[in-house]
Amino acid sequence: MTYLQETSRSAVTVPKLMAMREAGEKIAMLTCYDASFAALLDRAGVDSLLIGDSLGNVLQGQSTTLPVTLDEIAYHTACVARAKPSALIVSDMPFGTYGTPADAYANAVKLMQSGAQMIKLEGGEWLADTVRFLVERSVPVCAHVGLTPQSVHAFGGFKVQGKTESGAAQLLRDSRAMQDAGAQLLVMEAMPTQLAAEVTKQLRIPTIGIGAGVDCSGQVLVLHDMLGIFPGKRPRFVKDFMQGQPSILAAVEAYVRAVKDGTFPGPEHTF
């Protein structure tokens, strides 16, 4: 099928993301779970494809990401990788797969052998030794702080994080700890815009926001959300880019443009 052919643009690598941050070019990331969408998103200019454990929600109908398994992430990673996208492929480490550094490494190896070029895990200071262990063994790491969906029961629901002075201070410590341990990318979810801006200012590595304001180095959304495919109430940080567009490709291109020119997210999408 022609839509699975390689694109002509140069590969987006981990060093390329750092160069984009230093040049002030915004990074556009979307979740992706299969080869067809990987090819389409790559054609639209998306910089990074995240095989997120959000597949538990949007593909499997789960109420949380907790039931998603390593084998499932590996399967969808391989599907995305077969499209040979120029975009950087990042794969989530599911709940329970990185409790120890050794477990994290063994499971990260499986994802990278499936086609991941970077792995993402959720946590803060407590995760520093694991991140360091992975990076020392040539596993690029994207850390995820703020609202970490795998901690939904500990949080008592999907709630904005860092709203209190102590909570904000902890998120700053978590973010610095992840960078100091060697993480090369940081996702920040559902936190006050001012806090996310301060984290971005303090760190050297790129920050990717989802409900974290426009001052991050880039943005990520769940693909289904930005296409308007969400049951029930639309999350505050989501914009339906499919509205007014003639095709999915055009909608994704509109998302990329909005991220790059800083018009998304707007104040109505932030906390």
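Our numbering is plain: 1 for the first residue shown, then up by one each step along the chain.
Cβ coordinates come from backbone N, Cα and C, glycine included.
The active site, proton acceptor annotation in Swiss-Prot covers GLU189. Positions annotated as 3-methyl-2-oxobutanoate binding site by Swiss-Prot, on the basis of sequence analysis: ASP53, SER54, ASP92, LYS120. Residues annotated as Mg(2+) binding site in Swiss-Prot, with sequence analysis given as evidence: ASP53, ASP92, GLU122.
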Where does GLU122 (Mg(2+) binding site) sit in DSSP terms: helix, strand, or coil?
strand
Under DSSP, is ASP53 (3-methyl-2-oxobutanoate binding site) part of a helix or a strand, or is it coil?
coil
Given the 3-methyl-2-oxobutanoate site residues ASP53, SER54, ASP92, LYS120, which other residues of that chain have a Cβ within 8 Å of the mean position of their Cβ atoms, reported in sequence order?
THR31, LEU50, ILE51, GLY52, LEU55, THR65, VAL68, ILE73, SER91, MET93, PRO94
Rounded to a whole number, what is the top Cα to Cα distance in Å among the residues the record ties to 3-methyl-2-oxobutanoate, namely ASP53, SER54, ASP92, LYS120?
13
I'd like the number of other C-beta atoms within 10 A of the C-beta of GLU122 (Mg(2+) binding site), please.
22
Just to verify a number: CA distance, GLU189 (active site, proton acceptor) to GLU122 (Mg(2+) binding site), in angstrom, no decimals.
11
Same chain only, sequence gap of 6 or more: which residues have a CB within under 8 Å of the CB of SER54 (3-methyl-2-oxobutanoate binding site)?
THR31, THR65, ASP92, PRO149, VAL222
